[in-house]
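Now, the feature entries from Swiss-Prot:
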{"type": "DOMAIN", "residues": "136-393", "note": "domain 'Protein kinase'"}
{"type": "BINDING", "residues": "142, 143, 144, 145, 146, 147, 148, 149, 150, 165", "note": "ATP binding site"}
{"type": "ACT_SITE", "residues": "260", "note": "active site, proton acceptor"}
{"type": "DOMAIN", "residues": "394-464", "note": "domain 'AGC-kinase C-terminal'"}
């Protein structure tokens, strides 16, 4: 028998199956809602349960379950539906009690198959302190990427709002991106609460997915604000560029190259401060002038040396800063073209052209950052210090900026932590399937060598 928990005054098995009748969205279709313990609810029409029974599990259950409920003459619909409900509940209970090693059963119910003892791994005391997907309510889709989606979630006990990034292990393996995901995890763990880098609260996994629980930033992407306003003032652009430079300088101190700076990876918080997110393309262990040669990044912001497949160093991030600063002021990246090959040719060969509508310090900064020869690029000698000391940033009080004591030039309209008005409708309209996102954990965490040591808990923010 499974473990017990209290529901009101009744003692309930943790893996007890309940089935209820509900009406579908069309108010006509009868739907059977199955729930295991206090887990997420799975809603399907009767025919789906019957098909699953006939095609996948018929041989796993006693003969009494092979007799399907049939409507008798003069029998009321209510009685007929109730018979179906009881049949579904009893069959599902039998399968959950006896067949959780079956892949078909686990897939249908979105539960974890128990592993043999020699396949389990003790992840230490922090494993118990960390969260699982079942500790959260999934509220809204707020982002989408190559390997998964980002959700606004609410912790059931504390009611705190977070962003949860959920990635598919299968997709990550197919694209050979395991190293990048683990690098992202390592960078997030070592952020040490930098004011302009998103913080990780928890990371955990199950058989199919990886989960990052992060700060929820609902002031909107810099990209969205830039699209709406076309361009920013020089003063506002300076504020954002200073924050970005601080974040990049901090990563460089930790021997990390970011490699994917772009407006889509910069989020505003409710106070109007920028926060750098998405560390999937970070390169670790880049001490001093050490170089690497992996071709990666976003086309519009690639430095010439990356396009030419030459060795590159930390100065690629300063090229990206120049590109983003240019875009904030003029509305498009500096060498933009819809044709990538044409754009690459411009990045490599075309001289930088700047309008005379900006100040001399701004012109000099962008020119220095977008120097095609990385050995002459601003930041090559003293990294962040070169950027910080540039005349363009003379109005910036760096200590007050890092302490978040400066008033932001723009404060987004945010009502509360759950406000999603600054999130793209493209994401918000994506339907959520809680049962697949938070499968019932019927066993200890299984060993996964590809993602070993992925699990993390910020001990200063333990939830449970």
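The backbone N, Cα and C atoms fix where each Cβ goes, glycine too.
Features per Swiss-Prot, on structure.
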residue : record                       : DSSP class
142     : ATP binding site             : strand
148     : ATP binding site             : strand
260     : active site, proton acceptor : coil
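Sequence-distant contacts of residue 146 (ATP binding site), defined as residues of its own chain at least six apart whose C-beta falls under 8 angstroms from its C-beta, comprise 171, 175. A sphere of 10 angstroms centred on the C-beta of residue 144 (ATP binding site) encloses 12 other C-beta atoms.
Among the residues 142, 143, 144, 145, 146, 147, 148, 149, 150, 165 said to bind ATP, no two Cα atoms are farther apart than 15 Å. For the domain 'Protein kinase' (136-393), the mean pLDDT of the prediction comes to 95. Counting Cβ atoms from all protein chains shown, residue 150 (ATP binding site) has 23 others lying within 10 Å of its own Cβ. Residue 144 (ATP binding site) and residue 260 (active site, proton acceptor) are 16 Å apart (CA-CA, integer value). Packing around residue 142 (ATP binding site) is summarised by its Cβ count: 23 other Cβ atoms lie within 10 angstroms of its Cβ, all protein chains included.
All protein chains included, the residue listed as 'active site, proton acceptor' registers 19 other Cβ atoms within 10 Å of its own Cβ.
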